[in-house]
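Taken verbatim from TrEMBL:
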type: BINDING; residues: 47; note: NADP(+) binding site
type: BINDING; residues: 137, 138, 139, 273, 288, 289, 290, 291, 292, 315; note: FMN binding site
Ligand SMILES: Cc1cc2nc3c(=O)[nH]c(=O)nc-3n(C[C@H](O)[C@H](O)[C@H](O)COP(=O)(O)O)c2cc1C
Ligand SMILES: C=C(O[C@@H]1CC(C(=O)O)=C[C@@H](OP(=O)(O)O)[C@H]1O)C(=O)O
(Lines of atoms letter the chains of each structure in order from A; the text may use other names.)
(Lines give C-alpha, C1' and ligand atoms only; values in the text may rest on other atoms or scores of the structure.)
(Ligands and ions follow the chains in the order given, each with its own letter.)
Protein backbone atom coordinates (compact mmCIF):
# COMPACT_ATOMS: atom_id res chain seq x y z
CA UNK A 1 0.00 0.00 0.00
CA UNK A 2 1.42 3.37 -1.05
CA UNK A 3 1.90 6.48 1.06
CA UNK A 4 2.99 8.46 -2.00
CA UNK A 5 1.00 9.14 -5.14
CA UNK A 6 2.34 9.61 -8.68
CA UNK A 7 5.19 8.48 -10.90
CA UNK A 8 6.86 11.71 -12.05
CA UNK A 9 5.22 14.09 -9.62
CA UNK A 10 5.22 12.40 -6.21
CA UNK A 11 2.82 13.58 -3.56
CA UNK A 12 2.87 12.64 0.13
CA UNK A 13 0.34 13.94 2.61
CA UNK A 14 1.14 13.99 6.34
CA UNK A 15 -0.46 14.78 9.69
CA UNK A 16 -3.89 14.09 11.10
CA UNK A 17 -7.15 15.96 11.50
CA UNK A 18 -6.35 16.76 15.16
CA UNK A 19 -2.52 16.96 15.05
CA UNK A 20 -0.81 20.37 15.25
CA UNK A 21 -0.56 20.62 11.50
CA UNK A 22 -1.19 18.77 8.28
CA UNK A 23 0.88 19.13 5.15
CA UNK A 24 2.13 17.95 1.81
CA UNK A 25 5.51 17.16 0.24
CA UNK A 26 5.70 17.22 -3.57
CA UNK A 27 8.70 15.94 -5.50
CA UNK A 28 9.25 16.55 -9.20
CA UNK A 29 7.56 19.94 -9.74
CA UNK A 30 9.15 21.78 -12.68
CA UNK A 31 11.90 24.22 -11.68
CA UNK A 32 11.18 27.84 -12.56
CA UNK A 33 7.40 27.43 -12.98
CA UNK A 34 5.32 30.11 -11.28
CA UNK A 35 2.01 30.19 -9.45
CA UNK A 36 -0.09 32.89 -7.79
CA UNK A 37 -0.32 32.70 -3.99
CA UNK A 38 -3.65 34.56 -3.95
CA UNK A 39 -5.24 32.21 -6.50
CA UNK A 40 -4.13 29.27 -4.40
CA UNK A 41 -5.67 30.87 -1.29
CA UNK A 42 -8.98 31.35 -3.16
CA UNK A 43 -8.88 27.73 -4.21
CA UNK A 44 -8.24 26.58 -0.61
CA UNK A 45 -11.17 28.72 0.59
CA UNK A 46 -13.58 26.81 -1.68
CA UNK A 47 -12.84 23.62 0.30
CA UNK A 48 -12.23 25.06 3.78
CA UNK A 49 -14.69 24.05 6.52
CA UNK A 50 -17.07 26.44 8.26
CA UNK A 51 -19.95 28.47 6.95
CA UNK A 52 -18.90 31.24 4.57
CA UNK A 53 -22.18 33.10 4.21
CA UNK A 54 -22.03 33.27 0.42
CA UNK A 55 -23.89 30.20 -0.74
CA UNK A 56 -27.00 28.84 1.00
CA UNK A 57 -26.55 25.24 -0.19
CA UNK A 58 -22.85 25.06 0.65
CA UNK A 59 -23.45 26.67 4.05
CA UNK A 60 -26.29 24.36 5.04
CA UNK A 61 -24.18 21.33 4.08
CA UNK A 62 -20.94 22.32 5.85
CA UNK A 63 -19.41 21.24 9.17
CA UNK A 64 -19.26 23.90 11.91
CA UNK A 65 -15.49 23.40 12.39
CA UNK A 66 -13.96 26.69 11.24
CA UNK A 67 -10.43 26.61 9.85
CA UNK A 68 -8.79 29.40 7.84
CA UNK A 69 -6.64 26.83 6.00
CA UNK A 70 -3.83 29.34 5.45
CA UNK A 71 -0.99 27.72 3.53
CA UNK A 72 2.51 28.02 5.01
CA UNK A 73 5.32 27.17 2.59
CA UNK A 74 8.30 25.52 4.32
CA UNK A 75 10.56 24.90 1.29
CA UNK A 76 10.54 24.67 -2.47
CA UNK A 77 9.45 28.18 -3.47
CA UNK A 78 10.95 31.62 -3.89
CA UNK A 79 8.73 34.64 -3.48
CA UNK A 80 8.53 36.77 -6.62
CA UNK A 81 6.82 40.08 -7.43
CA UNK A 82 3.04 40.59 -7.60
CA UNK A 83 2.13 37.75 -5.21
CA UNK A 84 3.78 35.14 -7.38
CA UNK A 85 5.89 32.21 -6.16
CA UNK A 86 8.54 30.46 -8.24
CA UNK A 87 9.17 26.73 -7.84
CA UNK A 88 12.83 26.11 -7.06
CA UNK A 89 12.79 22.50 -8.31
CA UNK A 90 13.68 21.04 -4.90
CA UNK A 91 11.01 19.22 -2.88
CA UNK A 92 8.10 21.47 -2.07
CA UNK A 93 6.69 21.31 1.43
CA UNK A 94 3.70 23.26 2.65
CA UNK A 95 1.51 22.92 5.71
CA UNK A 96 -1.64 24.18 7.39
CA UNK A 97 -2.00 24.57 11.16
CA UNK A 98 -5.08 22.95 12.72
CA UNK A 99 -6.59 25.74 14.79
CA UNK A 100 -10.05 24.49 15.70
CA UNK A 101 -9.71 20.96 17.12
CA UNK A 102 -12.32 19.66 19.58
CA UNK A 103 -10.95 16.22 20.35
CA UNK A 104 -13.38 15.70 23.28
CA UNK A 105 -16.06 15.08 20.63
CA UNK A 106 -14.28 11.78 19.96
CA UNK A 107 -14.01 10.43 23.54
CA UNK A 108 -16.98 8.08 23.19
CA UNK A 109 -15.86 7.10 19.69
CA UNK A 110 -12.71 5.48 21.11
CA UNK A 111 -14.90 2.63 22.29
CA UNK A 112 -17.92 2.75 19.97
CA UNK A 113 -17.31 2.30 16.23
CA UNK A 114 -19.06 4.71 13.86
CA UNK A 115 -20.86 2.81 11.10
CA UNK A 116 -19.78 4.06 7.68
CA UNK A 117 -16.64 5.91 8.80
CA UNK A 118 -13.14 4.43 8.61
CA UNK A 119 -13.45 3.20 12.24
CA UNK A 120 -14.27 -0.43 11.43
CA UNK A 121 -11.41 -0.81 8.92
CA UNK A 122 -8.94 1.09 11.12
CA UNK A 123 -9.86 -0.96 14.21
CA UNK A 124 -9.61 -4.28 12.37
CA UNK A 125 -6.19 -3.29 11.01
CA UNK A 126 -4.64 -1.43 13.93
CA UNK A 127 -6.76 -2.19 17.00
CA UNK A 128 -7.90 0.63 19.37
CA UNK A 129 -4.85 2.73 18.31
CA UNK A 130 -6.47 3.09 14.88
CA UNK A 131 -9.35 5.12 16.35
CA UNK A 132 -7.77 8.57 16.29
CA UNK A 133 -9.60 11.79 17.30
CA UNK A 134 -11.19 13.48 14.31
CA UNK A 135 -10.73 10.33 12.25
CA UNK A 136 -6.94 10.87 12.11
CA UNK A 137 -5.52 10.33 8.64
CA UNK A 138 -8.90 9.13 7.35
CA UNK A 139 -10.55 12.52 7.85
CA UNK A 140 -11.85 14.62 4.99
CA UNK A 141 -9.56 17.26 6.52
CA UNK A 142 -6.64 15.50 4.81
CA UNK A 143 -8.00 16.77 1.49
CA UNK A 144 -6.74 20.26 2.45
CA UNK A 145 -3.07 19.38 1.78
CA UNK A 146 -4.23 17.55 -1.36
CA UNK A 147 -5.71 20.88 -2.45
CA UNK A 148 -2.40 22.70 -1.87
CA UNK A 149 -0.58 20.39 -4.31
CA UNK A 150 -3.57 20.14 -6.63
CA UNK A 151 -4.15 23.90 -6.59
CA UNK A 152 -0.58 24.46 -7.78
CA UNK A 153 -0.98 21.70 -10.41
CA UNK A 154 -4.18 23.38 -11.66
CA UNK A 155 -2.30 26.65 -12.20
CA UNK A 156 0.53 24.87 -14.05
CA UNK A 157 -1.96 23.04 -16.28
CA UNK A 158 -3.86 26.29 -16.98
CA UNK A 159 -0.65 27.83 -18.34
CA UNK A 160 -0.56 24.97 -20.87
CA UNK A 161 -4.18 25.68 -21.87
CA UNK A 162 -5.61 22.78 -19.85
CA UNK A 163 -8.64 23.51 -17.68
CA UNK A 164 -10.16 21.25 -15.03
CA UNK A 165 -13.66 22.17 -13.90
CA UNK A 166 -15.88 20.29 -11.47
CA UNK A 167 -19.36 20.98 -10.11
CA UNK A 168 -21.93 19.04 -8.16
CA UNK A 169 -24.74 17.80 -10.35
CA UNK A 170 -26.74 15.88 -7.73
CA UNK A 171 -27.20 15.95 -3.96
CA UNK A 172 -29.48 13.39 -2.30
CA UNK A 173 -30.66 12.30 -5.76
CA UNK A 174 -31.87 15.86 -6.59
CA UNK A 175 -30.44 18.19 -9.20
CA UNK A 176 -32.52 21.40 -8.80
CA UNK A 177 -31.01 23.92 -6.32
CA UNK A 178 -34.36 24.46 -4.54
CA UNK A 179 -34.91 20.72 -4.12
CA UNK A 180 -31.33 20.25 -2.95
CA UNK A 181 -31.73 22.96 -0.33
CA UNK A 182 -34.93 21.36 0.96
CA UNK A 183 -33.37 17.89 1.02
CA UNK A 184 -30.36 19.21 2.97
CA UNK A 185 -32.45 20.99 5.59
CA UNK A 186 -34.68 17.93 6.01
CA UNK A 187 -31.63 15.67 6.42
CA UNK A 188 -30.12 18.09 8.95
CA UNK A 189 -33.38 18.29 10.97
CA UNK A 190 -33.54 14.50 11.05
CA UNK A 191 -29.86 14.34 12.14
CA UNK A 192 -29.11 12.46 8.95
CA UNK A 193 -26.85 13.10 5.95
CA UNK A 194 -26.79 13.03 2.13
CA UNK A 195 -24.43 12.01 -0.66
CA UNK A 196 -24.20 13.17 -4.24
CA UNK A 197 -22.37 13.35 -7.54
CA UNK A 198 -19.55 15.63 -8.68
CA UNK A 199 -19.06 15.93 -12.46
CA UNK A 200 -15.67 16.91 -13.83
CA UNK A 201 -14.58 18.07 -17.28
CA UNK A 202 -10.99 18.50 -18.46
CA UNK A 203 -10.50 20.58 -21.63
CA UNK A 204 -7.36 21.09 -23.67
CA UNK A 205 -5.56 17.94 -22.51
CA UNK A 206 -3.14 16.72 -25.22
CA UNK A 207 -3.87 13.63 -27.30
CA UNK A 208 -1.91 10.41 -26.89
CA UNK A 209 -1.31 10.40 -23.12
CA UNK A 210 -1.81 7.05 -21.36
CA UNK A 211 -1.66 3.50 -22.64
CA UNK A 212 -2.93 -0.06 -22.53
CA UNK A 213 -3.57 -2.17 -19.43
CA UNK A 214 -1.97 -0.69 -16.30
CA UNK A 215 -0.83 2.41 -18.19
CA UNK A 216 -4.43 3.51 -18.76
CA UNK A 217 -5.45 7.08 -18.00
CA UNK A 218 -8.84 6.03 -16.58
CA UNK A 219 -7.13 3.80 -14.00
CA UNK A 220 -4.70 6.56 -13.03
CA UNK A 221 -7.50 9.13 -12.63
CA UNK A 222 -9.62 6.64 -10.64
CA UNK A 223 -6.69 5.90 -8.34
CA UNK A 224 -6.23 9.60 -7.54
CA UNK A 225 -9.97 10.19 -7.10
CA UNK A 226 -10.35 7.21 -4.75
CA UNK A 227 -7.83 8.81 -2.39
CA UNK A 228 -10.65 11.25 -1.52
CA UNK A 229 -12.56 9.96 1.52
CA UNK A 230 -16.24 9.11 0.92
CA UNK A 231 -15.76 8.40 -2.83
CA UNK A 232 -17.50 5.18 -3.77
CA UNK A 233 -17.69 5.32 -7.56
CA UNK A 234 -16.40 6.90 -10.75
CA UNK A 235 -17.66 6.63 -14.32
CA UNK A 236 -16.17 8.00 -17.54
CA UNK A 237 -18.24 9.28 -20.46
CA UNK A 238 -21.49 7.34 -20.81
CA UNK A 239 -20.29 5.14 -17.92
CA UNK A 240 -22.87 2.79 -16.40
CA UNK A 241 -25.57 4.20 -18.70
CA UNK A 242 -23.43 3.13 -21.68
CA UNK A 243 -23.70 -0.48 -20.52
CA UNK A 244 -27.41 -0.27 -21.30
CA UNK A 245 -26.91 1.07 -24.87
CA UNK A 246 -26.16 -0.72 -28.11
CA UNK A 247 -22.73 -0.41 -29.70
CA UNK A 248 -24.28 1.62 -32.50
CA UNK A 249 -25.52 4.17 -29.93
CA UNK A 250 -22.52 4.18 -27.64
CA UNK A 251 -19.71 4.31 -30.23
CA UNK A 252 -18.56 7.85 -30.99
CA UNK A 253 -18.50 8.43 -34.80
CA UNK A 254 -15.00 9.54 -35.91
CA UNK A 255 -14.81 12.65 -38.08
CA UNK A 256 -12.07 14.51 -39.91
CA UNK A 257 -12.12 18.28 -39.26
CA UNK A 258 -9.35 20.52 -40.60
CA UNK A 259 -7.03 17.53 -40.75
CA UNK A 260 -7.78 16.53 -37.12
CA UNK A 261 -9.50 13.36 -35.96
CA UNK A 262 -12.35 14.18 -33.63
CA UNK A 263 -15.45 12.32 -32.48
CA UNK A 264 -19.02 13.49 -33.03
CA UNK A 265 -20.16 12.43 -29.56
CA UNK A 266 -18.11 11.82 -26.44
CA UNK A 267 -19.47 8.65 -24.84
CA UNK A 268 -15.86 7.54 -24.34
CA UNK A 269 -15.29 10.52 -22.05
CA UNK A 270 -12.18 11.56 -23.98
CA UNK A 271 -10.29 8.28 -23.48
CA UNK A 272 -9.92 5.30 -25.88
CA UNK A 273 -7.76 2.34 -24.93
CA UNK A 274 -6.59 4.22 -21.84
CA UNK A 275 -5.22 7.01 -24.12
CA UNK A 276 -6.47 10.60 -24.30
CA UNK A 277 -8.13 11.27 -27.68
CA UNK A 278 -8.30 15.08 -27.59
CA UNK A 279 -11.98 15.32 -26.69
CA UNK A 280 -12.84 16.63 -23.23
CA UNK A 281 -12.07 14.12 -20.49
CA UNK A 282 -15.38 13.72 -18.65
CA UNK A 283 -16.08 11.76 -15.50
CA UNK A 284 -18.50 11.68 -12.61
CA UNK A 285 -17.70 10.84 -9.01
CA UNK A 286 -20.18 9.29 -6.53
CA UNK A 287 -19.87 10.45 -2.91
CA UNK A 288 -21.66 8.51 -0.21
CA UNK A 289 -23.66 10.27 2.53
CA UNK A 290 -21.54 11.59 5.42
CA UNK A 291 -21.13 8.65 7.79
CA UNK A 292 -21.16 10.46 11.17
CA UNK A 293 -24.79 11.23 11.93
CA UNK A 294 -26.82 12.04 15.03
CA UNK A 295 -29.66 9.59 14.49
CA UNK A 296 -29.61 6.10 16.01
CA UNK A 297 -27.39 3.47 14.43
CA UNK A 298 -26.56 -0.08 15.46
CA UNK A 299 -22.91 -0.76 16.19
CA UNK A 300 -20.51 -2.38 18.68
CA UNK A 301 -18.82 -1.12 21.84
CA UNK A 302 -15.37 -2.64 21.39
CA UNK A 303 -14.33 -2.21 25.05
CA UNK A 304 -17.25 -4.30 26.28
CA UNK A 305 -17.55 -6.29 23.03
CA UNK A 306 -21.30 -5.71 23.10
CA UNK A 307 -23.76 -4.51 20.50
CA UNK A 308 -25.04 -1.03 21.21
CA UNK A 309 -26.74 1.99 19.61
CA UNK A 310 -24.84 5.16 18.69
CA UNK A 311 -26.16 8.69 18.20
CA UNK A 312 -22.96 10.49 17.20
CA UNK A 313 -22.38 14.11 18.26
CA UNK A 314 -19.77 16.58 17.07
CA UNK A 315 -19.44 18.86 14.06
CA UNK A 316 -20.00 17.22 10.71
CA UNK A 317 -20.87 18.01 7.13
CA UNK A 318 -24.52 17.17 6.43
CA UNK A 319 -23.18 16.49 2.94
CA UNK A 320 -19.52 16.54 1.93
CA UNK A 321 -20.26 17.12 -1.76
CA UNK A 322 -20.12 20.96 -2.04
CA UNK A 323 -16.73 21.03 -0.27
CA UNK A 324 -15.49 18.04 -2.28
CA UNK A 325 -15.87 19.85 -5.64
CA UNK A 326 -12.43 21.57 -5.52
CA UNK A 327 -10.95 18.36 -4.10
CA UNK A 328 -12.02 16.49 -7.26
CA UNK A 329 -10.37 19.24 -9.34
CA UNK A 330 -7.20 18.95 -7.27
CA UNK A 331 -7.03 15.14 -7.45
CA UNK A 332 -7.62 15.26 -11.23
CA UNK A 333 -5.02 18.01 -11.78
CA UNK A 334 -2.35 16.07 -9.90
CA UNK A 335 -2.80 12.88 -11.88
CA UNK A 336 -3.06 14.69 -15.22
CA UNK A 337 0.08 16.73 -14.61
CA UNK A 338 1.85 13.53 -13.52
CA UNK A 339 0.68 11.59 -16.61
CA UNK A 340 1.58 14.42 -18.94
CA UNK A 341 5.06 14.84 -17.43
CA UNK A 342 5.58 11.11 -18.04
CA UNK A 343 4.94 11.56 -21.75
CA UNK A 344 7.35 14.49 -22.07
CA UNK A 345 6.09 18.03 -21.87
CA UNK A 346 6.87 19.16 -25.39
CA UNK A 347 4.35 17.30 -27.53
C1 LIG B 1 -14.34 17.30 2.21
C2 LIG B 1 -14.81 16.13 3.03
C3 LIG B 1 -15.44 16.36 4.24
C4 LIG B 1 -15.88 15.30 5.02
N5 LIG B 1 -16.52 15.58 6.20
C6 LIG B 1 -16.98 14.56 6.97
C7 LIG B 1 -17.61 14.81 8.22
O8 LIG B 1 -17.80 15.96 8.60
N9 LIG B 1 -18.01 13.76 8.95
C10 LIG B 1 -17.83 12.46 8.54
O11 LIG B 1 -18.23 11.54 9.23
N12 LIG B 1 -17.25 12.19 7.36
C13 LIG B 1 -16.80 13.19 6.57
N14 LIG B 1 -16.18 12.92 5.38
C15 LIG B 1 -16.11 11.53 4.92
C16 LIG B 1 -15.20 10.65 5.75
O17 LIG B 1 -13.94 11.25 5.91
C18 LIG B 1 -15.07 9.26 5.10
O19 LIG B 1 -16.33 8.75 4.79
C20 LIG B 1 -14.34 8.30 6.03
O21 LIG B 1 -12.99 8.68 6.17
C22 LIG B 1 -14.37 6.86 5.56
O23 LIG B 1 -13.79 6.72 4.30
P24 LIG B 1 -14.62 6.04 3.10
O25 LIG B 1 -15.97 6.71 3.10
O26 LIG B 1 -13.84 6.37 1.87
O27 LIG B 1 -14.71 4.60 3.42
C28 LIG B 1 -15.70 13.97 4.57
C29 LIG B 1 -15.06 13.73 3.36
C30 LIG B 1 -14.62 14.80 2.58
C31 LIG B 1 -13.96 14.53 1.26
C1 LIG C 1 -12.17 19.69 9.36
C2 LIG C 1 -12.63 19.28 8.20
O3 LIG C 1 -13.68 18.41 8.08
C4 LIG C 1 -13.85 17.41 9.06
C5 LIG C 1 -13.96 16.09 8.33
C6 LIG C 1 -14.42 15.00 9.22
C7 LIG C 1 -14.27 13.61 8.73
O8 LIG C 1 -14.58 12.68 9.50
O9 LIG C 1 -13.92 13.39 7.55
C10 LIG C 1 -15.02 15.25 10.43
C11 LIG C 1 -15.14 16.59 11.00
O12 LIG C 1 -13.99 16.80 11.83
P13 LIG C 1 -14.06 17.49 13.31
O14 LIG C 1 -14.87 16.56 14.14
O15 LIG C 1 -12.65 17.62 13.73
O16 LIG C 1 -14.74 18.82 13.11
C17 LIG C 1 -15.10 17.66 9.89
O18 LIG C 1 -15.14 18.95 10.43
C19 LIG C 1 -12.05 19.74 6.93
O20 LIG C 1 -12.52 19.22 5.88
O21 LIG C 1 -11.14 20.57 6.93
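Here the Cβ of each residue, glycine as well, is placed from N, Cα and C on the backbone.
Automatic, uncurated: that is what TrEMBL annotation is.
Residue 137 (FMN binding site) sits 17 Å from residue 47 (NADP(+) binding site), taking the C-alpha atoms as the reference points. Rounded to the nearest whole angstrom, the C-alpha distance between residue 292 (FMN binding site) and residue 47 (NADP(+) binding site) is 19. Taking CA atoms as the reference points, residue 290 (FMN binding site) and residue 47 (NADP(+) binding site) are 16 Å apart. Residues 137, 138, 139, 273, 288, 289, 290, 291, 292, 315, recorded as binding FMN, reach a greatest CA to CA spacing of 44 Å. Less than 6 Å separates the Cβ from ligand 2 in the case of 139, drawn from the binding-site residues 47, 137, 139, 288, 290 in sequence order. Separation of the C-alpha atoms of residue 288 (FMN binding site) and the residue listed as 'NADP(+) binding site': 18 Å, rounded to the nearest whole number. Distance between Cα atoms for the residue listed as 'NADP(+) binding site' and residue 139 (FMN binding site): 14 Å, as a whole number.
Among the listed binding-site residues, namely 47, 137, 288, the Cβ with the most fellow Cβ atoms inside 10 Å is that of 47. Sequence-distant contacts of residue 139 (FMN binding site), defined by Cβ-Cβ distance under 8 angstroms and a gap of at least six in the same chain, are 16, 17, 229. Within 10 Å of the C-beta atom of residue 292 (FMN binding site) sit 22 other C-beta atoms, taking all shown protein chains into account. The Cβ neighbour count for residue 290 (FMN binding site), using a 10 Å radius and every protein chain shown, is 23.
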